[in-house]
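So that you can see what the record holds, here are the features copied from TrEMBL:
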type: COILED; residues: 7-45; note: coiled coil
type: REGION; residues: 129-179; note: region 'Disordered'
type: COMPBIAS; residues: 139-150; note: compositional bias 'Basic and acidic residues'
type: REGION; residues: 201-250; note: region 'Disordered'
type: COMPBIAS; residues: 207-244; note: compositional bias 'Acidic residues'
Amino acid sequence: MFDFCELKKEQQEAIEHIDEVQNEIDRLNEQASEEILKVEQKYNKLRQPFFQKRSELIAKIPNFWVTTFVNHPQVSALLGEEDEEALHYLTRVEVTEFEDIKSGYRIDFYFDENMYFENKVLSKEIHLNESGDPTSKSTEIKWKPGKDLTSRSSQTQSKAGKKRQHEEPESFFTWFTDHSDSGADELGEVIKDDIWPNPLQYYLVPDMEDEEGEDEEEDEEGLDDIDEEGEDDGEEEEEDDDGEVCNQFI
């Protein structure tokens, strides 16, 4: 006969031992996080000279950054025609993670003189406090008269003169003024984690697609040639067969 009291006691002891082991696992995980942070800090410093060299080389390529953004599927969805025009003046992008990395990062956009705003640099910072809650702050954009893209109307005049809703994306530049939900700053995360590590892959997207298209055309041409050769061979075989039949009747 089972002693349920004894069984319950054994289960309780097992639970207590599991809790002790779990505490050790959590301690090691915390220690690992600290070690990983140190490694990230070390290599973040080592990467800086290469980022600087890359920026110098990118500066030699006209419209590098606007092309990169237009080719990125998530960023391009935020770009209206006037946004693209304004981003043609963008000459440099820099992403800087703060010293301890966990506390946040800053993204700087450097512009040539342009018709839209006075600023030479537009920046946005994302800060994480000790509890992990994010806050953000950014440069105030000094728009030139009549050039504020963030106040762009969502309506346009049709040819008939009637107003209709125009599905124009919200301006890219509203990102600098939107601090409502820093924890959901998808654009900042995309730039920091996807574009910044290797912007060249997005700049070259059209060229890669063109090469793939050329390869597909060559493959199709090859298949057409094979089909034509097969048809010619089939016609020759039919002629031979007809000749043999005629010879049998002679």
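Note: Cβ is positioned from N, Cα and C throughout, glycine not excepted.
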DSSP-derived helix, strand and coil totals, residue by residue, for the compositional bias 'Basic and acidic residues' (139-150): 2 helix, 1 strand, 9 coil
Spatial neighbours of the compositional bias 'Basic and acidic residues' (139-150) far in sequence, C-beta under 8 Å, 6+ residues away: 80, 82-83, 86, 115-119, 121-124, 171-174, 176-177
Residues of the parent chain within Cβ reach of the coiled coil (7-45), under 8 Å, 6 or more residues beyond its termini: 97, 99-102
Mean of pLDDT values spanning the coiled coil (7-45): 91
